[in-house]
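Student: Before I ask anything, let me first share the structure, which is written out below as structure tokens.
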Amino acid sequence: MLLSELTAFLAAFFNTAAYPPDEQGGIYFRPDPEDYSIHRLGLALEPGPDFADWLSDNPINTLWLHRPWQLDPTALPTGVTVLFHHLPFDEHLTIGHNRPLADALGLTWTDTTVPEILGTKQPPGFPVRPIGMIGPVPALDFTAWCRRISEHFGGYDEARPGTHDRPERLAVVGAMNDALVREAADRGAGLYLTGQYRKGAQKAVDETGMAVIAIGHRRSEEWGLRMLEKELRNQGLVARIKP
């Protein structure tokens with residue numbers, strides 16, 4: 001795959017046209033304007049203190065970062081181009097309205113059936129973007145849900161049972177506030193899955209009897225990075241994830 005082809009694939013996969021220009025991501029650093037074949041792609045959330053050692057052990061000619069802001073381009077091997085996607089990655093591969101997460105949690109997503117949208121955002125002049133989804137799920141008790149989340153994400157930050165023994169509908173939202181919790185309850189959800197537990201929603205949680213599992217922001221990002229690696233592998237690329 002050529003660099004230009006990867007750039008186009010990621011722009012389509014993350015639907016970057018739905019974001020303002022300063023949120024779209026794309027090429028962050030490009031030392032050479034010539035197109036080239038990607039032999040090995042590195043994936044990381046951010047550079048980190050051991051970045052140079054990882055690059056030495058994992059030869060790459062292209063790098064994708066979620067948060068490139070602390071990158072020192074002089075630490076890169078010669079000729080390495082850096083791509084990045086911040087908000088589009090969060091909304092398409094962490095906690096939100098996306099198919100990989102729906103598949104993992106048992107929410108039906110097919111060519112004809114997609115989970116209902118729960119919560120939206122819309123910058124002026126741009127399309128509405130969903131921030132969550134809601135729909136029917138297999139009947140599991142709260143302990144089983146906690147176990148399922150741990151299997152996929154390696155744990156969770158908080159888990160608070162609610163009044164529904166076996167929730168029949170699940171809300172998965174990349175935010176947590178009073179209005180979203182109440183809307184989820186009004187639409188039949190008994191379990192609210194999110195990234196971080198927000199105390200401002202506590203009254204709504206108490207009054208609706210909503211069960212909540214907060215996965216943790218870092219865990220959801222690491223899961224998303226694994227899903228991105230899987231997508232790129234399906235495109236024929238060899239990708240390495242920096243731990």
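Even glycines carry a Cβ here, placed using N, Cα and C.
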Student: Of Asp57, Asp72, Asp90, Asp103, which does TrEMBL put in the divalent metal cation site with His217, Glu221?
Tutor: Asp90
Student: Please report the number of other Cβ atoms within 10 Å of the Cβ of Asp90 (divalent metal cation binding site).
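Tutor: A count of 20.
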Student: Taking the centroid of the Cβ atoms of Asp90, His217, Glu221 (divalent metal cation site), which other same-chain residues have Cβ within 8 Å of it?
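Tutor: The surrounding set, listed in chain order, is His66, Phe89, Thr94, Ile95, Gly195, Arg218, Ser220, Gly224.
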Student: Using other CB atoms within 10 angstroms as the count, which residue among the binding-site residues His217, Glu221 scores least?
Tutor: His217
